[in-house]
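Asks: These came from Swiss-Prot, pasted as-is:
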type	residues	note
CARBOHYD	124	N-linked glycosylation site
CARBOHYD	127	N-linked glycosylation site
CARBOHYD	157	N-linked glycosylation site
CARBOHYD	229	N-linked glycosylation site
CARBOHYD	259	N-linked glycosylation site
CARBOHYD	273	N-linked glycosylation site
CARBOHYD	285	N-linked glycosylation site
CARBOHYD	329	N-linked glycosylation site
CARBOHYD	387	N-linked glycosylation site
CARBOHYD	398	N-linked glycosylation site
CARBOHYD	451	N-linked glycosylation site
CARBOHYD	626	N-linked glycosylation site
REGION	120-153	region 'V1'
REGION	154-193	region 'V2'
REGION	567-583	region 'Immunosuppression'
SIGNAL	1-21	signal peptide
TOPO_DOM	22-684	topological domain 'Extracellular'
TRANSMEM	685-705	transmembrane segment
């Protein structure tokens, strides 16, 4: 019974050992994993290289051509969090559009403020009726309701070419450009005297924006949220991967979202609650046609204010050159405002917020803030849209038809929208200035009142235009390198082993392998080859596209800020790929997609997740069947440094083992043992052995002499003869009488000293022979005992095997009996099997004991042989 229990325990331990085998760290290359990043983006545009428009010139100098075959890959079973307030692309686009704006409206002169006292009187201007040629408006637009700006004729003294003389100059200024001196009715100054430096435009500019796209460099990608209910922040479950954004117009405007993209389904309100200036951005699903126009002619004069510096002003006025208007269809405008308020209510109610059912304008501040400000053909329009919004009410019953007209003014002194500065631009151009745009949304902020209620208020934050356009995008860095536990271990290095190299070819699209991001780790790892090929293919393809685009327009490219960005994007991709390959090489995984290692996996390296827990018996199976690579990467993110270090140490040890193995590889062939280059080595070994034996003999002789000296003997060599001297006083005769003294007898000496040396060498060789003979005899006895043990073990195994077969056959035959008989026979068979197993187990134990005793007696036999040889 005890034997049966022991066998059962052994079987259980064996089964458990098989079930809980060791897992090792395995490196995977080509897994669908990404992390948020902020790389240098580059732009693409469909610019006309033949156009001399400054915006087209800027685009051809700084942007690559559009990809003729843009692609988009949908990620299944993936949910990602988006937040438009944390999108760094908005700030980057603001800086780029600021550069574009300054290049298009390039000021070439910095002027000291024209701050001299002027005596001004109001003058009359000739009014003119404006006719509209658009089909969306009525044939004639009556602008009598739009007040004319007052024009003042101002006189001041100016220094002539002779510094000690002055002359009086007359110039015309708009009332909005001058400010009255306190306490004096006729004394005025220019309005910009509180600015230290102003810039003035040299030539009249035009600005016809074309859409540009922002693209991620190779090794990076753009995630795009396609959820229809996304409103600026939250989880997005419908995600796709793109290389570039959609075309975004570099519009510079406040309050209204012009020429942007439209929502696919219904109007949406984007809102992310922040501490200050909370943006409330509305995007329509149907655009509104907007027409803005200014007609009239004028001539311009100039005032010389210093060497090479000229201040342009109005000399002769024909009509009001700053008077303009914008018009929309009333029905379309009010309908879209209804949709906008409904979208705002939906978004705010989802956040448990209340909204005032009205649209407001800021009452105080710069004119760019209190009015609708935009640029049309190089002219800056300031439009008052209060009558468009104040006439709208929620839940109104009457439908308004016709055309809504808003009064606008053109200004010459403009506040910069991106930085704190001002610019003085040339007076309005001659002829008609007319623009057609599409209103695609509203740019507002949510102002909170004392009742914790929000009021939509039109905003002058220009970058909010790009914020809503880029709200659905996120830049990520693709990280195809990951580690995970697998039961496989890196095999040991063998001699003459050549590592097979697998070429990673170019095949699929770059971002296509991210389509497996929603699959489990086990399912995604099956397609690692295709995914890694897609990764490398995409890097190479994107670099090739970039080079082709640069070569196509290299005669126009200049190494500007954007030119440097293009080079940075290219170098970033190459450096990223080289970095991954260097890590793989350090771990001994170069050119491998799945690389096993000898580093045991530690459970503490991965954090617990809601899907898989460390205490689960099937933890590793849970990882591969339930987690995605993206989820797994987040669990091991904090331990990657430790894992990478251990992988590098393991590879270093592997290289050392390989070096030692290569040193032994020269003995792998039997013929190499007879190589003539090894003979000197053999002779050296023989000399060492002989010297060791001689030294051992000398040492034993010294020990023997010391032993005899301690017993009182004279230390003489055993082979040197000595004469036995006789006492001279002792008679040498025989008994019975005295006789004469006998002569002293000498023992004959050996033939010579070499005989003594020969005798020692003979004894030494005999001792060596006897020692080796004893050793070989002991080894032979041990091998015989081991052979007998193996034979006995094999015989026992055969008997056990036959007995088991017989028992199985008996069990099969007995299975046809009744239940009671089967129970009795089964118990008997188990008892018999237990008794028999105990018998051969004892035999094995006895054999092992016999072998162990033989091995243990080997030193004793050697010692006995040495004693026999030395004595």
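Yeah, the Cβs are placed from backbone N, Cα and C, and that goes for glycine too.
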Asks: Count the Cβ atoms, other than its own, that fall within 10 Å of the Cβ of residue 259 (N-linked glycosylation site), considering every protein chain shown.
Replies: 19
Asks: At the Cα level, what's the spacing in Å between residue 626 (N-linked glycosylation site) and residue 259 (N-linked glycosylation site), rounded?
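Replies: Rounded to the nearest whole number, the Cα-Cα distance is 45 Å.
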Asks: For the glycosylation sites listed here, 157, 229, 273, 329, 451, which shows the highest count of neighbouring CB atoms within 10 A?
Replies: 329
Asks: For residue 387 (N-linked glycosylation site), just count the other CB atoms lying within 10 A of its CB, please.
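Replies: Its Cβ shell of radius 10 Å holds 12 other Cβ atoms.
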Asks: Between residue 387 (N-linked glycosylation site) and residue 259 (N-linked glycosylation site), how far is it from one CA atom to the other, in Å?
Replies: 23
Asks: How big is the gap, in Å, between the Cα of residue 229 (N-linked glycosylation site) and that of residue 329 (N-linked glycosylation site), rounded to a whole number?
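Replies: Cα to Cα, residue 229 (N-linked glycosylation site) and residue 329 (N-linked glycosylation site) are separated by 29 Å.
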Asks: Spatially speaking, which of the glycosylation sites 157, 273, 285, 329, 451 is closest to residue 259 (N-linked glycosylation site)? Use C-alpha to C-alpha, please.
Replies: 285
Asks: Determine, to the nearest whole angstrom, how far the Cα atom of residue 273 (N-linked glycosylation site) is from the Cα atom of residue 451 (N-linked glycosylation site).
Replies: 17
Asks: Give the distance between the Cα atoms of residue 157 (N-linked glycosylation site) and residue 329 (N-linked glycosylation site), rounded to the nearest whole Å.
Replies: 50
Asks: Does DSSP give residue 229 (N-linked glycosylation site) helix, strand or coil?
Replies: coil
Asks: Hey, how far is residue 451 (N-linked glycosylation site) from residue 285 (N-linked glycosylation site), Cα to Cα, in Å?
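Replies: Distance (Cα to Cα, whole Å): 32 Å.
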Asks: Please report the DSSP secondary structure of residue 259 (N-linked glycosylation site), reduced to three states.
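Replies: Residue 259 (N-linked glycosylation site) sits in coil per DSSP, no helix or strand.
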